[in-house]
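As recorded in TrEMBL:
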DOMAIN    12-92  domain 'Pyrroline-5-carboxylate reductase catalytic N-terminal'
DOMAIN    234-368  domain 'Ferric oxidoreductase'
TRANSMEM  191-213  transmembrane segment
TRANSMEM  233-256  transmembrane segment
TRANSMEM  277-302  transmembrane segment
TRANSMEM  332-352  transmembrane segment
TRANSMEM  364-385  transmembrane segment
TRANSMEM  405-427  transmembrane segment
Amino acid sequence: MKKTSAPEQTPLCIFGTGDLGFSLGRRLLQSGYRVVYGSRRPHSCGPLPPGTQVCAQSANLVFICIHRENYGFLETLLPELRGKVLVDVSNNLKKNQYPEANAEYLQRLVPGAHVVKGFNTLSAWALQNGPSDANRQVYLCGNSAEAKQTVAETATKLGFTVLDRGSLSAARELEDFPLQLFPEWRMPLRLAVGLTAFFFFYLLIRDVIYAYVEQQKDISFRIMVSLANKVFPIVSLIMLSLCYLPGVIAALLQLYRGTKYKRFPDWLDRWMLCRKQLGLVALAFASLHVLYTLLIPIRYYVRYKVAASTISQIKENRTSEFDTAIAWRTDSYYSVGILGFGLYLLLGITSLPSVSNALSWREFSFIQSKLGYVTLLFCTLHTYLYGWNKFLRPSTYKWYTPPGYMLSLIVPTVVLVVKLLLLLPCVDRTLTRIRQGWERTDPEDGCEKSLLA
């Protein structure tokens, strides 16, 4: 085969001609590298990217794109691989499949080489089509700083961002990355499932079972739409408020401690790291609420009730008077809800990597923080307008239990009230100074510092 690269250029070698090896070689060729393939069966390895060679000769940088169980043939190449940089891109089918990481096993198998773990978190598709916002990062770890630098330069030329995770002992952690299934989504999804199940059964008891026991009415058909359309906005509002509650708690901790240099508790750190996922799940529930609301006019139950009411008024020869107060309440309720959902969508759109990368930090912070609290305010006000004066009616408290919307207002109301207190000039001024590096010194600490001076 003809060489398409400059003959004086040092080649890069790839052991393995599968999907990952093929895609990696193609990407390297597009970036101007000279690629050499090493295969146990050079005459039966299938089609390769044009411009490559098929051989088992050594190169300065060698990518090991084969499974761990096939590493044995590398022992026959110990002299050729001495001093070379071997990039292990392998993964396992499950965690703790082997007593040691694949990269550590490779280093023990080829002690004269410098093994670097990397590129294992990328798919063949990402390598072939180039980096995108979702898979732009390449994690590296290895015992040789020079070897990692060599691999990092190659990854950078391919368009990826390199993150150094330290020595080769971190290889097992890197190999576990592709096996994780939505690790950042676990807590938000569990919380969403828990809240949905709780409020579903809570409202099922209050609405459906109560009507059957106390009024001998079978309204079980309302489970599918009416009950669901109560659960979705309740869960959405609570989860939206939980996005901003950790920020409020963090501010209170900083005010209490008088410094920003003390670490937050681990549970608060984990909570703050999954705020984006909490918000997106909340947006999903809000979208379901909107869709279910649009179904209301075409439901059989609603059409039947409207028709029955109209016929009843005709028979009795009466007309319901127009209530301006109810008109104001319903129009305000719908208007505030639409504005809240519009801001909801804006928050969701700006959380997308392709959009957030185009924003400056100040712009992103303004949308996610300032407009985020405005969104929470609109959605909370939307719920208050829904309840209006129902809390004054004894019939609202079936079996002495408050309606679901009242329970959903607890967390967002607390968040908004505390945030309003934090915005008071005397409090906000102190909090701003703390976040700029100022520390409140205790009298005892001041005496100790003066004595030391």
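Note that the numbers count up from 1, one per residue, in the order the chain is shown.
Using the three backbone atoms N, Cα and C, a Cβ is placed for every residue, glycine included.
Automatic, uncurated: that is what TrEMBL annotation is.
Remote same-chain partners of the transmembrane segment (332-352), defined as residues 6 or more beyond its termini with a Cβ less than 8 Å from a stretch Cβ, comprise 240, 276, 279-280, 282-283, 286, 290, 359, 364, 367-368, 371-372, 374-375, 378-379, 381-382, 385-386. Taking DSSP states H, G and I as helix and E and B as strand, the domain 'Ferric oxidoreductase' (234-368) has 111 helix, 0 strand, 24 coil.
Under 8 Å from some Cβ of the transmembrane segment (191-213) lie the Cβ atoms of residues 219-220, 222-223, 226-227, 230-231, 234-235, 238-239, 242, 278, 281, 285, 398-399, 401, 403-404, 407, all in the same chain and six or more residues away from its ends. In the predicted model, residues of the domain 'Ferric oxidoreductase' (234-368) average a pLDDT of 91.
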